[in-house]
Amino acid sequence: MTIPATYAAIITAAGRGTRAGDGPPKQWRPLAGQSVLERSIAAFAGFPRVVVTLAPEDMARGVAELSGPVVLVAGGATRSDSVRAALESLEGSGVTHVLIHDGARPLVSRRVIGGVIEALQSGAPAAAPALPVTDALWRAQDGCVTATASREGLFRAQTPQGFALDAILAAHRAHPEGAADDVELAIRAGLPVTVTPGDEDNLKLTWPGDFARAERILGDAMDIRLGNGFDVHAFTTGDHVWLCGVKIPHDKALLGHSDADVGMHALTDAIYGALAQGDIGRHFPPSDPQWKGAESHIFLRHAAMLARQMGYEISNADVTLICERPKVGPHAGAMALRLSEIIGVEPDRVSVKATTSERLGFTGREEGIASIATATLVKG
């Protein structure tokens, strides 16, 4: 999931959550080692701006306990008042779109967030995740069923709900009386709202039993995989090398069946390794002439796509290049950016660095370049 630079997230956490039982407000309660609010904020890692609304009496606590690049805004008397204050804090900031999320939904996945972003990027002025109603619906009075109701066309709303900033801010200002959620205000303002896929695990913590369910989900969901990759290519005659997708002038080239991008090959194998899916040679055999001279981004894209097909998100990639020359440092930023584009993650989740072997071995004799890579995958 790539997050546009002009997108921001708003996380609402100014409510008191009295239905969740006695104790502190639910957003401050612990959930598997972190507060509910910390988990909700972490779900939006990589957003250029994250605005969190808090009750005025919680502002000092927010400053003390919430880490990361978040902006705190004092909430109002109602949820709508709080959201409007957060929206107004983004005016004139260059933000074009905003995703508004309930702070009491700490288990929202990158897949759900990505679905909203994709709809907005496709031109929808508003988009929100939801799940179709599958249970039978009844009407009841005094503890007795009085009628049934059709569930056709009914959905259970979730967050984050995404909007063009100007449009949703205008809707809030035009309807200060508020609404159940921001989609309701958007509909009143005449904005079409696209429904995107929701997730059963994206529950809103409302009742005491919801916390136990969330703990169970987290216990089942912590599927983290690490993969390592290693590759070596010898030097040959030439005037440039490809390293992590960047063409670097050099007095030699790297020898290989494809474009010999040693860094990209190591990262590709790291992803395959984390998935227990072999290596590049298994998926793109060097005996197959169609891969002669192929650009290595083809291999890396395939590995990233396979990860997503198997239900994993790439959380982090770390590549180390081992060589005396060429000097990698001046190009490391461009390399990390190129790799992030190929595997579909934020640039700050990719690291490219270099070291030497202190003139020892084949890299020390400048006979070639080696690379080591590590990839971290998390079940989405």
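Glycine too: its Cβ is placed from the backbone N, Cα and C atoms.
As recorded in Swiss-Prot:
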| type | residues | note |
| --- | --- | --- |
| REGION | 1-224 | region '2-C-methyl-D-erythritol 4-phosphate cytidylyltransferase' |
| SITE | Arg19 | site 'Transition state stabilizer' |
| SITE | Lys26 | site 'Transition state stabilizer' |
| SITE | Arg151 | site 'Positions MEP for the nucleophilic attack' |
| SITE | Lys204 | site 'Positions MEP for the nucleophilic attack' |
| REGION | 225-380 | region '2-C-methyl-D-erythritol 2,4-cyclodiphosphate synthase' |
| BINDING | Asp231, His233, His265 | divalent metal cation binding site |
| BINDING | Asp231, Val232, His233, His257, Ser258, Asp279, Ile280, Gly281, Thr355, Thr356, Ser357, Glu358, Phe362, Arg365 | 4-CDP-2-C-methyl-D-erythritol 2-phosphate binding site |
| SITE | His257 | site 'Transition state stabilizer' |
| SITE | Thr356 | site 'Transition state stabilizer' |
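Feature map: Swiss-Prot annotations on the structure.
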residue: Lys26; record: site 'Transition state stabilizer'; DSSP class: helix
residue: Arg151; record: site 'Positions MEP for the nucleophilic attack'; DSSP class: coil
residue: His257; record: site 'Transition state stabilizer'; DSSP class: coil
residue: His265; record: divalent metal cation binding site; DSSP class: helix
residue: Ile280; record: 4-CDP-2-C-methyl-D-erythritol 2-phosphate binding site; DSSP class: helix
residue: Thr355; record: 4-CDP-2-C-methyl-D-erythritol 2-phosphate binding site; DSSP class: strand
residue: Phe362; record: 4-CDP-2-C-methyl-D-erythritol 2-phosphate binding site; DSSP class: helix
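Under 8 Å, Cβ to Cβ, and six or more positions away along its own chain, His265 (divalent metal cation binding site) finds Gly229, Asp231, His233, Ser258, Ile280, Ser296, Phe299, Ser371. Note on the region '2-C-methyl-D-erythritol 2,4-cyclodiphosphate synthase' (225-380): its mean pLDDT in the predicted model is 94. Listed in sequence order, the residues of the same chain lying 6 or more apart from Thr355 (4-CDP-2-C-methyl-D-erythritol 2-phosphate binding site) and placing their CB within less than 8 Å of its CB are Thr320, Leu321, Ile322. When Cβ neighbours within 10 Å are tallied across all protein chains shown, the highest count among the recorded positions Ser258, Thr356, Ser357 belongs to Ser258. Following the DSSP three-state reduction, the secondary structure of Asp231 (divalent metal cation binding site) is strand. Cα spacing between His257 (site 'Transition state stabilizer') and Phe362 (4-CDP-2-C-methyl-D-erythritol 2-phosphate binding site): 20 Å, rounded to the nearest whole number.
The recorded positions Lys204, His233 differ in how many other CB atoms lie within 10 Å of their CB, and the one with the most is His233. Under a cutoff of 8 A between CB atoms, and with a sequence separation of 6+ in the same chain, the neighbours of Arg151 (site 'Positions MEP for the nucleophilic attack') are Pro132, Val133, Thr134, Asp135, Ala136, Leu137.
Taking CA atoms as the reference points, Phe362 (4-CDP-2-C-methyl-D-erythritol 2-phosphate binding site) and Thr356 (site 'Transition state stabilizer') are 11 Å apart.
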